[in-house]
């Protein structure tokens, strides 16, 4: 394969979920510096739930998005700074502030059937001259053909790249291939595609490889898999696999290995791995960032987190419905009392 893959690191955004959005300024600078020296193309920086995600519903961050972005801007020389915006949480005013702080790439994220709410934000990002990406979350919850229709909407608003986002880590390689084939058939040849995997079924790297084989241009990954649930595709593992396949990625594998083990892994207060709870996310198709919230609810109400997660999957809950986790826990508690 001759084209260079665009390597998009998400350790400082999706990785926020793994430590409940508590990175210090020193942490983000250490991680960003290591990623920059390893020559990744972009480094995404924000609260785990995007600009202005810091809240009662999602959890308060140790710092503001702008403090984190400005801190990263001080140390990077090669990589572009990316950020995430969920319409309804972040606004175009927040996007402008992020741009002023140093962000040059924005991923505008919606549920996979709600691309129409991204129009204002994508158009505004393009007017700022940002690298503007559409991000279709929970892509397993709709058909490949419908996902392509939603991707086409984002393209029409001005997105120059659209992502298949496996937020629940619920898809396999066949699911990924079907979605990329549908997107490639619907989108203009010049519109790029990207893959954002989660590792809940241990398929994060395999799914990313399948995506590239179907023509995907950009791959999201994180150091040591640092991310929601069982984490994202581990960056150093994907790069090692890409190297074995002879793919052009432009990054320094050994620097990534050192950063993953020496800087990122020691920060994990809960191991980022496939275990009973994170496997339940992938099996039940649940939004990966529900994990820590469900574990807190389970402890509070004397339940098993896995039972809460499976019930959330049955109810087809999506990102943004974190408040329903307590509702589900109370329902399960009532059921238990009646039994």
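Using the three backbone atoms N, Cα and C, a Cβ is placed for every residue, glycine included.
Secondary structure from DSSP puts residue 17 (active site, proton acceptor) in a helix. Taken from Swiss-Prot, the feature active site, proton acceptor applies to 17.
The substrate binding site annotation in Swiss-Prot covers 13, 14, 167, 196, 287. Taking all protein chains in view, 28 other C-beta atoms sit within 10 angstroms of the C-beta of residue 14 (substrate binding site).
Per Swiss-Prot, Mn(2+) binding site is recorded for 14, 196, 198. Sequence-distant neighbours of residue 198 (Mn(2+) binding site) (same chain, six or more apart, CB under 8 Å from its CB) are 166, 167, 168, 169, 204, 227, 228, 229, 230, 231, 232, 233, 281, 282, 288, listed in sequence order.
The domain 'Pyruvate carboxyltransferase' feature in Swiss-Prot is assigned to 5-257.
Here residue 13 (substrate binding site) comes close to 44, 45, 46, 47, 48, 50, 82, 83, 84: these same-chain residues lie at least six apart in sequence, with C-beta atoms under 8 angstroms from its C-beta. Taken from Swiss-Prot, the feature site 'Transition state stabilizer' covers 13, and the record attributes it to sequence analysis.
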Could you find out if DSSP has residue 196 (substrate binding site) as helix, strand or coil?
strand
Cβ-centroid neighbourhood (8 Å) of the substrate site, 13, 14, 167, 196, 287 excluded
10, 17, 48, 137, 165, 198, 227, 228, 232, 288, 289
Cα-Cα, whole number of Å: residue 287 (substrate binding site) versus residue 17 (active site, proton acceptor)?
12
Can you work out the mean pLDDT of the predicted model over the domain 'Pyruvate carboxyltransferase' (5-257)?
98
All-chain count of other Cβ atoms within 10 Å of residue 287 (substrate binding site):
28
